[in-house]
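Annotation comment: TrEMBL describes 7-325 as domain 'Acyltransferase 3'. Annotation comment: TrEMBL describes 394-641 as domain 'SGNH'. The annotation transmembrane segment is assigned in TrEMBL to 12-28, 34-53, 74-93, 137-156, 168-185, 191-213, 225-247, 253-272, 284-302, 308-329, 341-365.
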Amino acid sequence: MNNSFRYDINGLRAYAVILVVLFHFGILGFSGGFIGVDIFFVISGFLMTKIIVSGIEKNAFNILKFYLSRAHRIIPALVVLCLFITLIGWFTLTPQELKEYSKHVISSLSFISNIQYFREAGYFDAASHEKLLLHTWSLSVEWQFYIILPLLLVLLNRLSKSSNILKIFFILLFIVSFTLSIIISKSNPSAAFYLLPTRAWEMMAGGLIFLLFRHLTLNNLTKKIIEWTGFILIAISLTVFTGATLWPSYNAFLPVLGTFLILLANNNNSIFTNNKICQFLGDSSYSIYLWHWPLVFYLSYFEKETSLIITIFAIFISIILGWLSYSFIEKPSRQWLSQKKLYSGYLITFTYLFIFISIFSFFYLKNGLINRFPENIQILIKKSNDKNPLFSKCQIGSGTNVPECKYGTGDIKLIVIGDSHAEAMIPAIQKALPPESALIDWTYSGCPTVENLKKINNTDFKCGEVISKFTKKIKKYPHTPILIINRINVLFHGAKDGDSDISHPIRYISKPFKTYNAEYEKTMKEAYINTLCKFSENNEVYVTRPTPEFPLNIPKVLIHREIIKSYAPLTITRKAHLARSQLAWEAQDEASKKCGIKILNTTNFFCDQELCYSEKNGLSLYFDDDHLNIYGASQLTPLFKEIFK
């Protein structure tokens, strides 16, 4: 491998960024486009290892200069992006969105955003796609790699000058990280996706190309065969992997190997990479990557993500903005800053980072500055998170230590069992209680009331085990009515709004299923019915029909529409709601016949004969896309009073 400019690498960057862009814009056929980030990781590992090792071998490596050069490469364009988003966001982002955005700016400029996002939600979850700087997680992973790798290599060089020791060191790190990736992807998919220890092997793979094959010489035919094989592996990865694939785990080995082979081939004259289009996109790839995601966010904000023409236009704009950023921000700032002395370079960098982090800390501490908006919008904003104050405290989403919360004073007249939908309705249920009485609730987020229920690749999800404990615990409260509330449609169909479990079932009893087929439906129906009937052995059991679910975050959409003066009611058809709820209704009806379960029908409280509504009197009934807020749940208080008649 020679040291001339690698046109193949620059061209490969073009493929990587386009795959990611098309994936994020939801273009058909690119469901595996997220592998573009894995391609970037391998490229980074190769280039950084080459720079560091070559510098050390020549006794010319300066770790402080290395860090500063990386900062000059990455930070200026990122800062300008954040500034531009802030100018737009001042007029468009709700206080909560601006507060969240400010927190993410701080974590992005501190290069710990991958850790921040890991703590918040999975990458493929719908909630993550409401984050304006979600894509910076990969920059943070790379930056953490840039910090640690030179320290390790400098230390290793002081201990031993042997190139074989260096190779063994890289191979061992690769094996350890790859093993962690496989193990942790099963037990904690979000951690495996976001964090460096489970991603480092991809960058170590790039480093191994340089260490093991830098003196390799190949003839043109061999180069082409190796390169084509690499592209074939990437193409296969693009078509077979989706957001539901366990990632990175062992699955990411396929695109990593493909990238490894393309870099190994070192085919600088490749028609695939050394052409004007790929070189143009490769030059601008970092800036295109930066700018495309905010456009994805605002397509959703303006509810235009389903428009193919607007989506194509947004992709084109992403490329134009990326080129402008590369031409007028990346290159000039890098050239100007590279001329500064080491001290001056660090002083300038830390100064503007300090200024920006201070500004966004102020936005965060001021809770997004609600006074930016007129009074009518402020009212909507204040009502948007109007939910059970104990919503988070009185439920868990993993483990078995379920809190028992008591609402009201006096004797226990009702036990509420369910998931987060049950917890959301507690204030309305409490209002339905007879005087001087109380209820207790046992709720487990994301947990349909089904014994022995498990989740694929999530050993901390103890839902089924906890429900089994509830069936025994309930014996302490003989003859006390039980009210069971679930988002039960998710059990039969998956989430409605693009969450990660919509494409295939992630819950199972004894064996996982690949599709929501008839056998799966039968298995879940029987388990649900049997569990309801088990609770009814010594207690009267009530169960609610599913409430309408919407494809969007209701209060957020209503506020957005008010901000941009584009008001329209957000509804779904009654027919669509009943169709989605059919399997749940059938199971509940069968449980009613089998063991006397009593059914509380919520439908007519939210739907007329044609439509189901997300708001009433101009106020949202929900605090997201499917959970009722206090106002929405209060519509059901008359229904809950039926329990005590």
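Heads up, the Cβ atoms here are built off N, Cα and C, so glycines get one too.
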Please tell me whether the transmembrane segment (191-213) and the transmembrane segment (137-156) touch - that is, whether there are at least 3 C-beta pairs under 8 Å between them, with each pair 6 or more apart in sequence.
yes
Taking every residue in the domain 'SGNH' (394-641), what is their average pLDDT?
92
Find the member of 34-53, 225-247, 341-365 that has more C-beta pairs under 8 Å to the transmembrane segment (12-28) than any other listed stretch.
34-53
Report the listed stretch (137-156, 225-247, 308-329, 341-365) having the maximum count of Cβ pairs within less than 8 Å of the transmembrane segment (34-53).
137-156
Quick check for me: are there 3+ Cβ pairs below 8 Å between the transmembrane segment (284-302) and the transmembrane segment (74-93), leaving out pairs under 6 residues apart?
yes
